[in-house]
Amino acid sequence: MRIICRQIVLLFSGFWGLAMGAFPSSVQIGGLFIRNTDQEYTAFRLAIFLHNTSPNASEAPFNLVPHVDNIETANSFAVTNAFCSQYSRGVFAIFGLYDKRSVHTLTSFCSALHISLITPSFPTEGESQFVLQLRPSLRGALLSLLDHYEWNCFVFLYDTDRGYSILQAIMEKAGQNGWHVSAICVENFNDVSYRQLLEELDRRQEKKFVIDCEIERLQNILEQIVSVGKHVKGYHYIIANLGFKDISLERFIHGGANVTGFQLVDFNTPMVTKLMDRWKKLDQREYPGSETPPKYTSALTYDGVLVMAETFRSLRRQKIDISRRGNAGDCLANPAAPWGQGIDMERTLKQVRIQGLTGNVQFDHYGRRVNYTMDVFELKSTGPRKVGYWNDMDKLVLIQDAPTLGNDTAAIENRTVVVTTIMESPYVMYKKNHEMFEGNDKYEGYCVDLASEIAKHIGIKYKIAIVPDGKYGARDADTKIWNGMVGELVYGKAEIAIAPLTITLVREEVIDFSKPFMSLGISIMIKKPQKSKPGVFSFLDPLAYEIWMCIVFAYIGVSVVLFLVSRFSPYEWHTEEPEDGKEGPSDQPPNEFGIFNSLWFSLGAFMQQGCDISPRSLSGRIVGGVWWFFTLIIISSYTANLAAFLTVERMVSPIESAEDLAKQTEIAYGTLDSGSTKEFFRRSKIAVYEKMWTYMRSAEPSVFTRTTAEGVARVRKSKGKFAFLLESTMNEYIEQRKPCDTMKVGGNLDSKGYGVATPKGSSLRTPVNLAVLKLSEAGVLDKLKNKWWYDKGECGPKDSGSKDKTSALSLSNVAGVFYILVGGLGLAMLVALIEFCYKSRAEAKRMKLTFSEAIRNKARLSITGSVGENGRVLTPDCPKAVHTGTAIRQSSGLAVIASDLP
């Protein structure tokens with residue numbers, strides 16, 4: 001029985017082979033791949049594998065055997081050699097990719113040898129009988145979209161990699177409709193050229209662009225658009241590409257620009273979904289490119305294998321013998337020897353109609369795609385969204401927008417918003433034990449608390465991300481690229497910036513700011529000068545040097561005037577009445593205001609002490625009165641200032657204002673290298689600030705610092721030879737931090753504010769702005785500043801860091817007074833000694849004594865008050881004989897002492 005069954009099977013197989021004709025069980029196909037097509041090759045291999053392993057024998061009665069070559073398109077000999085190698089292996093059809101350098105070589109060989117080429121590359125401009133174009137044409141869809149937007153003035157950026165078909169169609173339509181199209185070929189552009197072009201177009205107020213380039217060049221152009229900030233609201237870009245979802249547009253989402261494009265692959269269809277499940281399981285090491293979703297060119301590659309498989313099935317059903325000898329001959333023979341069944345293969349390929357990853361796959365008799373549908377996408381705040389579709393029959397059809405949520409922030413509630421900030425005390429700092437925490441809990445500071453408050457008000461989840469380059473945000477003058485936190489927002493890496501970010505015009509052009517949450521200005525930070533030690537004669541400080549000199553001259557002048565008026569006024573001369581028993585009056589009437597008494601009177605009045613003599617004449621009293629008035633005012637003013645000067649420790653600052661900085665060169669000064677302060681000086685038209693900017697720009701070594709901490713450290717280490725220009729809020733904070741050796745001097749140079757920043761046109765702008773206003777009105781912002789500036793200060797209360805500090809008097813404050821006292825006492829002793837010696841010498845001559853005897857007698861009298869030797873009395877001054885008896889009389893102001901003699 002078993003033998004009979006086997007014979008029946010063999011007989012059936014024989015009849016089946018006769019019925020199907022001589023169709024090979026292994027179909028040889030070729031594959032030509034160019035550089036940077038790893039994902040397309042993976043799709044090619046996957047399609048062949050799935051066909052050959054299909055469990056349905058009716059769908060896969062034969063195996064596809066690929067012969068693959070990688071070609072270097074720049075080398076025409078290598079292209080020719082690869083094609084001839086494929087031809088010599090007896091392939092029935094070739095799947096291949098080309099570029100503008102290899103397209104003519106491949107199409108020429110195909111036409112000469114009747115070998116069909118199935119390609120996902122750009123459609124050729126001419127008619128090639130044996131070339132099947134898997135990629136649909138964009139001409140009709142693009143023109144319909146331009147009509148819909150009613151564009152009549154726009155820029156068309158293109159390269160020649162894909163030919164001129166779209167350019168030709170647009171220029172023809174422009175001529176018919178009167179459009180103004182600026183067509184620019186960007187084939188040989190580099191990054192700098194792109195930025196220069198975009199800047200020039202921006203000066204021309206060009207806001208509408210059509211970009212027709214291959215994916216690599218297209219992605220580069222989009223990056224340059226972002227780098228110059230032209231991806232913001234007000235710009236509109238139409239991308240002439242069939243893979244809208246293949247393009248990285250995250251930065252455009254945050255920028256706000258309108259971006260429209262086309263999508264050939266519908267990822268929601270069952271066939272694509274099934275393939276995606278299989279695609280995700282591929283080993284990335286064996287199948288390069290499988291780590292990312294398949295691009296539309298990879299989907300076209302997959303469909304190309306399906307087209308070839310369906311063609312061979314159709315030929316098999318038609319019993320067309322396509323078998324070839326192993327050696328197909330020389331492809332370079334002259335004349336060419338075409339393949340005999342090539343016409344049948346070409347005709348059958350064009351008759352294929354299947355449903356592939358790119359939708360309906362069907363060709364006309366020229367080998368071009370027909371009856372296809374492509375979706376129209378626009379970039380929304382949530383990502384690419386389908387807004388319509390286009391096909392040959394219906395043309396452009398726009399679908400009604402699906403109902404949106406109540407506000408755009410509702411879509412954000414389900415994801416985590418990236419908040420960019422900068423490590424800057426006291427705004428954002430690591431906690432002391434931050435290693436024990438994760439995420440946002442690692443940080444503390446003013447902006448950390450502010451971010452938490454804002455998130456509560458608008459109801460979002462957020463993640464704090466420290467800006468990698470540690471900069472606030474400035475635009476490079478050469479590359480036009482934004483750095484810092486502004487760059488993070490502009491290029492779509494973050495959605496909110498909560499940091500000490502100054503609101504400026506140039507930043508406002510590319511990002512949006514909320515209302516200011518803190519007001520401030522540019523200020524000057526210097527190293528706190530050492531407290532001046534009081535000098536020995538610090539008690540002289542209340543009056544200037546000039547005043548003291550004037551007082552001395554006034555004292556001398558008043559004394560001389562008093563002496564003169566006393567001499568000329570008869571009322572100052574008087575005669576003493578003699579007492580009973582005494583001699584008559586002196587020949588010279590006495591005048592008390594000699595020059596020395598005049599000096600003594602003026603000094604006593606100045607010292608508020610007075611003396612035993614007073615002027616008698618009216619003129620003398622006038623002199624005395626005005627001198628008393630003068631001394632009253634001077635002494636009162638001196639006393640009032642003396643208390644302050646002796647009880648206040650002063651710090652003498654070498655700089656008090658920006659003008660002081662500008663007019664000197666001994667103290668260097670600088671700003672943060674990237675920020676609004678530097679931009680302020682660069683753009684300022686005020687003479688003082690222009691002078692400062694000229695100095696800072698040319699100073700060597702550079703006075704610009706990478707971070708604020710670096711600038712503060714430079715101030716502290718410079719020994720007073722460097723001043724740092726920074727925001728007043730930061731200046732005030734650092735002044736309250738140990739080692740308490742910096743200080744703010746002068747007023748603010750300008751007035752500005754910090755704001756919360758969002759990308760241009762972001763849906764978060766309004767909610768964030770309202771949250772800041774609510775926090776301001778509720779007093780939360782003031783509480784946060786007091787908390788992080790003063791409550792956590794390390795240098796005592798705010799007033800204690802003032803410039804002048806009151807303290808108790810120390811010996812050094814009044815040491816000069818003691819020096820004068822000691823000096824005066826010493827001088828008095830010296831004068832007394834001189835007087836003693838002088839009078840002793842005079843007495844020795846008068847009494848005919850030796851000088852030593854006179855000294856001894858004088859000393860005995862000075863110490864004991866006893867009489868001299870031999871009963872003689874020594875008197876200091878006695879021009880006349882002494883009478884017997886005890887009496888005291890006045891003569892010339894000198895007291896004469898007499899005693900009874902035995």
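Along the chain as shown, residues are numbered 1 onward.
Yeah, the Cβs are placed from backbone N, Cα and C, and that goes for glycine too.
Cβ contacts within 10 Å of Thr502 (L-glutamate binding site), excluding its own Cβ and spanning all protein chains shown: 23. Secondary structure from DSSP puts Thr502 (L-glutamate binding site) in a beta strand. Marked as L-glutamate binding site by Swiss-Prot: Pro500, Thr502, Arg507, Ser676, Thr677, Glu727.
The N-linked glycosylation site annotation in Swiss-Prot covers Asn52 (among others). DSSP assigns Asn52 (N-linked glycosylation site) to a helical segment in the three-state reduction.
As annotated by Swiss-Prot, N-linked glycosylation site applies to Asn56 (among others), with the evidence given as sequence analysis. For Asn56 (N-linked glycosylation site), the Cβ neighbour count at a 10 Å cut-off comes to 7, with all displayed protein chains included.
Around the Cβ of Asn258 (N-linked glycosylation site), the same chain contributes Tyr235, His236, Tyr237, Glu378, Leu379, each under 8 angstroms and 6 or more positions distant in sequence. According to Swiss-Prot, the N-linked glycosylation site annotation covers Asn258 (among others), on the basis of sequence analysis.
DSSP classifies Asn371 (N-linked glycosylation site) as coil under the three-state reduction. Asn371 (N-linked glycosylation site) has a Cβ environment of 15 other Cβ atoms inside 10 Å. The annotation N-linked glycosylation site is assigned in Swiss-Prot to Asn371 (among others) on the grounds of sequence analysis.
Among the features that Swiss-Prot reports, N-linked glycosylation site is placed at Asn407 (among others), with the record citing sequence analysis.
Sequence annotations record features per position, and here Swiss-Prot assigns N-linked glycosylation site to Asn414 (among others) based on sequence analysis.
Counting only same-chain residues at least 6 apart in sequence, those with a Cβ under 8 Å from the Cβ of Cys611 (S-palmitoyl cysteine) are Trp600, Phe601, Gly604. Classification of Cys611 (S-palmitoyl cysteine) by DSSP places it in coil, neither helical nor stranded. If you look up Swiss-Prot, you'll see Cys611 (among others) marked as S-palmitoyl cysteine, on the strength of similarity to another entry.
With a cut-off of 8 Å between CB atoms and residues at least 6 apart in sequence, the same chain places Ile855 near Cys837 (S-palmitoyl cysteine), listed in sequence order. Cys837 (S-palmitoyl cysteine) falls within a helical segment according to DSSP. What Swiss-Prot records for Cys837 (among others) is S-palmitoyl cysteine.
The phosphoserine feature in Swiss-Prot is assigned to Ser862.
According to Swiss-Prot, the feature signal peptide maps to 1-20.
Residues or ranges marked as topological domain 'Extracellular' by Swiss-Prot: 22-544 (among others).
Annotated topological domain 'Cytoplasmic' per Swiss-Prot: 566-592 (among others), in sequence order, evidence recorded as similarity to another entry.
Outside the topological domain 'Cytoplasmic' (612-617) by six or more residues, the chain places 562, 565-566, 569-572, 574, 592-593, 597, 601, 623-624 with a CB less than 8 A from a CB of the stretch. The topological domain 'Cytoplasmic' annotation in Swiss-Prot covers 612-617 (among others).
Residues annotated as topological domain 'Extracellular' in Swiss-Prot, with similarity to another entry given as evidence: 639-813 (among others).
According to Swiss-Prot, the feature topological domain 'Cytoplasmic' maps to 835-902 (among others).
Listed in chain order, the extra residues whose Cβ falls within 8 Å of the Cβ center of the L-glutamate site residues Pro500, Thr502, Arg507, Ser676, Thr677, Glu727 are Tyr472, Leu501, Ile503, Thr504, Gly675, Lys752, Tyr754. Taking Cβ pairs closer than 8 Å, the transmembrane segment (545-565) reaches residues 572, 593-595, 598-599, 601-603, 606, 615, 617, 619-620, 623-624, 627, 630, 634 in its own chain, all 6 or more past its ends.
Within the same chain, residues 542-543, 551, 554, 558, 561-562, 565-566, 568-569, 571-572, 593, 601-602, 605-606, 608 sit at least 6 positions outside the transmembrane segment (618-638) and bring their C-beta atoms closer than 8 Å to a C-beta of that stretch. Minimal Cβ crowding within 10 Å, among the recorded positions Asn52, Ser676, Thr677, is found at Asn52.
When the glycosylation sites Asn52, Asn56, Asn371 are ranked by how far their Cα is from the Cα of Arg507 (L-glutamate binding site), Asn371 comes first.
Taking CA atoms as the reference points, Asn56 (N-linked glycosylation site) and Pro500 (L-glutamate binding site) are 67 Å apart.
Across the topological domain 'Cytoplasmic' (835-902), the prediction's mean pLDDT works out to 57. Maximum C-alpha to C-alpha distance over the listed L-glutamate-binding residues Pro500, Thr502, Arg507, Ser676, Thr677, Glu727 is 17 Å.
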